[in-house]
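A.B. asks: The following block contains the structure, expressed as structure tokens.
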Amino acid sequence: MQLQVARHRPGTGEDRLMLEARKLVKSYALPGQPPLKILDGIDLSVAPGEMVTVIGASGSGKTTLLNLLGTLDTPDEGELIFDGSPVFQGSRCLLSKKELAAFRNRKIGFVFQFHHLLSDFTALENVAMAEFIGTGKLKPAKERAAVLLEKLGLKARLDHLPSELSGGEQQRVAIARALMNKPKLVLADEPSGNLDSRNSRMLYELMASLSKERQTSFVIVTHNEEFAATADRCLHMQDGRLQACGG
């Protein structure tokens, strides 16, 4: 059975970019050894509503790239520009810590292989919390969370704890949480890593549909080459650089 993911034409303007990374470099220091360069001059641009997949061997730098794009880590060199506004110039962040945290909460959603749902809170509460933290208003947050979860086929599971949900349901809750603040960009790191093939397929088709409907940009790290090939663009990470899949 093949994935049925409709490609779409992202963005509304030829020159408009949601995210632009220019010559990003990241190295890590190792005791008694020269610094290990993980990313070596990464260039990446992502348009509004575009879905980009990144494949590559374990340890090739894919997760490091997502951490930089999500402002969870700092580049050594290069620039990161989000929706036309510079965020990093080299290792210098142009926002204060408070501004950066607020920016990340408003503009970027994250989905991980391990969903990181809070075990003592229901599906509804886990999703609502993403908005509640920023607004302090619980009732409207729960109302919006309920609508979003219903759209993702979880209407009957709102009051269930994560332990009472299947793996596929848990990841759908994680996606709802990532979308709660209407981010312009969602970064996903091996979101189907713990799912069977059926749930993986459903998850990827869901993300492709959301990307199209909401004009939300997605950058997804995956080992699923079948899905990767259905995205608007597939990139391969090797030796700290990106190139087109098959290139």
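Backbone N, Cα and C atoms are what each Cβ position is placed from, and that goes for glycine too.
Residues or ranges marked as ATP binding site in Swiss-Prot (evidence: sequence analysis): Gly56, Ala57, Ser58, Gly59, Ser60, Gly61, Lys62, Thr63. Positions annotated as domain 'ABC transporter' by Swiss-Prot, on the basis of sequence analysis: 19-247.
Burial and contacts for the listed features, if you can.
C.D. replies: Under DSSP, Ala57 (ATP binding site) is assigned to coil, being neither helix nor strand in the three-state scheme.
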A.B. asks: Around the recorded ATP site, report the further residues of that chain (criterion: Cβ within 8 Å of the mean position of the Cβ atoms of Gly56, Ala57, Ser58, Gly59, Ser60, Gly61, Lys62, Thr63; site residues excluded), sequence-ordered.
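C.D. replies: Neighbours found: Met237.
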A.B. asks: Using DSSP and collapsing to three states, where does Lys62 (ATP binding site) fall: helix, strand or coil?
C.D. replies: helix
